[in-house]
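Worksheet for the structure shown next.
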Amino acid sequence: MTRVLGIETSCDETAAAVVTRGADEAPAILSNVVLSQIEEHAAFGGVVPEIAARAHVEALDGVIEAALAEAALSLDEVDAIAATAGPGLIGGLIVGLTTAKAIAAALGKPLLPVNHLEGHALTARLTDRLEFPYLLLLVSGGHTQIVHVAGVGRYERWASTIDDALGEAFDKTAKLLGLPYPGGPNVEKAAAEGDPARFAFPTPLKGEARPDFSFSGLKTAVRRAAGELAPLSEQDVADLCASFQFAVTQTLADRVARSLERFGKEHPKLQQPALVVAGGVAANAAVRGTLEDLCRKKGFRLVAPPLNLCGDNAAMIAWAGLERLESGLKQEGALAFAPRPRWPLDESAAPLFGAGKRGAKA
């Protein structure tokens, strides 16, 4: 039995977890502790990197202790240490990776620097024991990507956003409409009380052959509609959110369909290919419902993590570390590995350019 301690500090969650794979090959989460910084950043309407880094410094030791206690383990009983080394906010990455290095060096245990995006990419194998290959739709505050996942460390990016990430569009829409931080969940909550047919927002890139995404025009349409209605009533806000969210789901359905078709052609012998949706936006019920309908029509199975594993967490980091350890992909010179604020999952792909491809977590 291999037990890996995972540490995640790439943005505004301080997290630690212990994950294992038993003799029966079944993975298990022994603990998963996440301390959010929502209160620290709420007054600013978004994450302030300096505040986030300081909060990680103050909280990380206690979070690690809590994860070990929940797993009923001591540090000596952990077999390896995995930590997010990028992409993300540099201050937070330094805190988590430096702590992991200190623990690994003191105990003489392997250190596994993990790409945060790989954590999301492999979560479905932790929760559903999914076999390779599969298609990944990664939707979060920093990313909107479609990735072909052929194995551990074997990723090919098929599509990405040409401007804003989807989670970023949710957050900016929330801020525009005066909704509190975090934006995504509050837009979804308001949308539940709104009329999605009131505003006919655009479906960016609809019908285009390329599979990429675009969300900046949708965000601009919301701003224009809100400006024409100002001052906004509570129902106006709800209707704007509902119409925005509906346009998002229609955009996803149109864009993702192209990659599903390509995947089916490249893997014709798979009886029921899988689409994995991961990242914070994967917690949105409307997004999940739309993708379920799309997969049903295309002969795919939708695999979505439990809600507590959609956002940033350390269980996915520990699991990615365990997968790399078992695949013989240990990082040479890990103790000297520098945090990487920009670290693409598919390092062979062309660099991302443009306002929404600025790479904070690309």
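The backbone N, Cα and C atoms fix where each Cβ goes, glycine too.
When Swiss-Prot records H116, H120 as binding Fe cation, the matching candidate from D293, D312 it lists for that site is D312. Among the candidates D164, D171, D195, the residue that Swiss-Prot names alongside L138, V139, S140, G141, G142, G184, N284 for the substrate site is D171. Its own atom aside, the Cβ of H116 (Fe cation binding site) has 28 Cβ atoms within 10 angstroms in the protein chains shown. Taking the C-alpha positions, the distance from V139 (substrate binding site) to D312 (Fe cation binding site) comes to 12 Å. DSSP assigns G184 (substrate binding site) to a helix in the three-state reduction.
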